[in-house]
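Visitor: Dropping the structure in here first, questions after.
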DNA sequence: CATCGACCCTGCGGGC
DNA sequence: TGCCCGCAGGGTCGAT
């Protein structure tokens, strides 16, 4: 489950459902689901108490009472579900974490196995305490540690297209393919616009658009085209109804009526309005 | 160093 | 009905 709003929906669920509980066991059903790991996951988690649920960008983690943390990245299709004990296993169940009480167990379900769990130490980075492996990830635009001037300076050094930059988690985290397209549409910027040609006010406008669209999506429980993207209780959000361009090829632009175009981009897609977001003369892919 | 394409997987829908 | 292709909210890695 992908971008910032969807991951935040999961974090909020975990904060409610696992904070303060003590882990009883962890069962790994697929080797790819746990990365960079030495030893038995269950041995390291048994008896640990979960303090809370934190997030930066698309990464979330559960700080533990021994100072380490259980980190998760959902990849393209990962889900974290809270289900009553005894519930039949999901087809793509990868890791099961049980607790020393009668409450629900936590399950990591992931069809495509691009996501993973990891036990990691915490460290200070960009004004926060975060897992060591993601110390290089920039703050996301919804956290206090995000510094617009720092982002703007870093962006101007880049020689690439604006969408590539938005998707680079070391510049700004949490933005993925959907919200990049939606933010660019709101700011009337083409995805291939060269970063070095952007003015400070335009960058500010783009950031405001990114914040707005992700905040609105969060208010609707995130974006779900199908049952792959759900909260810890398996429920879908409904922000997909509010998308202006993403996935709307040939549909009229909500602003000017021009049919939305779809371009191939990094083995994926970019959606934009040909009128509101004209292709730049010296764009960068 | 910075940038970019290939690759990692499973499943689904569309065209033939 | 199949089969094949393209496509899907992700990051990592090696080649340049």
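Note: Cβ is positioned from N, Cα and C throughout, glycine not excepted.
So TrEMBL has the following annotated:
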type	residues	note
ACT_SITE	A:2	active site, schiff-base intermediate with DNA
DOMAIN	A:2-115	domain 'Formamidopyrimidine-DNA glycosylase catalytic'
ACT_SITE	A:3	active site, proton donor
ACT_SITE	A:58	active site, proton donor
BINDING	A:92, A:112, A:158	DNA binding site
DOMAIN	A:244-278	domain 'FPG-type'
ACT_SITE	A:268	active site, proton donor
Visitor: Do you know which of the recorded positions A:58, A:158, A:268 has the most other C-beta atoms within 10 angstroms of its C-beta?
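Guide: Buried the deepest by this measure is A:58.
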Visitor: Using DSSP, what's the helix, strand and coil tally for the domain 'Formamidopyrimidine-DNA glycosylase catalytic' (A:2-115)?
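Guide: For the domain 'Formamidopyrimidine-DNA glycosylase catalytic' (A:2-115), the helix, strand and coil counts are 23 helix, 44 strand, 47 coil.
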Visitor: I need the CA-to-CA distance for residue A:3 (active site, proton donor) versus residue A:158 (DNA binding site), whole Å please.
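Guide: One finds 23 Å between the Cα atoms of these residues.
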Visitor: Taking only the Cα atoms, work out how far residue A:92 (DNA binding site) lies from residue A:268 (active site, proton donor), in Å, as a whole number.
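Guide: Pair distance, Cα basis, whole Å: 24 Å.
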Visitor: Just jot down the residues in the same chain as residue A:112 (DNA binding site), at least 6 apart in sequence, with C-beta under 8 A of its C-beta; none if empty.
Guide: A:75, A:76, A:77
Visitor: Using residue A:58 (active site, proton donor) as the reference point, find which of the recorded positions A:2, A:158, A:268 has the shortest Cα-to-Cα distance to it.
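Guide: Closest candidate to residue A:58 (active site, proton donor), judged by Cα separation, is A:2.
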Visitor: According to DSSP, which of helix, strand or coil covers residue A:158 (DNA binding site)?
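Guide: Going by the DSSP assignment, residue A:158 (DNA binding site) belongs to neither helix nor strand, so it counts as coil.
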Visitor: Including all protein chains displayed, how many Cβ atoms other than that of residue A:3 (active site, proton donor) lie within 10 Å of its Cβ?
Guide: 23
Visitor: Could you state, as a whole number of Å, the largest distance between Cα atoms of any two of A:92, A:112, A:158, the listed DNA binders?
Guide: 39
Visitor: Please identify which of A:2, A:92 has the densest Cβ environment, defined as other Cβ atoms within 10 Å, among these recorded positions.
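Guide: Max Cβ neighbours within 10 Å, all protein chains included: A:2.
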Visitor: What Cα-Cα separation, expressed in whole Å, is found between residue A:268 (active site, proton donor) and residue A:2 (active site, schiff-base intermediate with DNA)?
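Guide: Approximately 14 Å lies between the Cα of residue A:268 (active site, proton donor) and that of residue A:2 (active site, schiff-base intermediate with DNA).
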Visitor: Between residue A:158 (DNA binding site) and residue A:2 (active site, schiff-base intermediate with DNA), find the distance joining the two CA atoms and give it rounded to the nearest Å.
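Guide: Roughly 25 Å, rounded to the nearest whole number.
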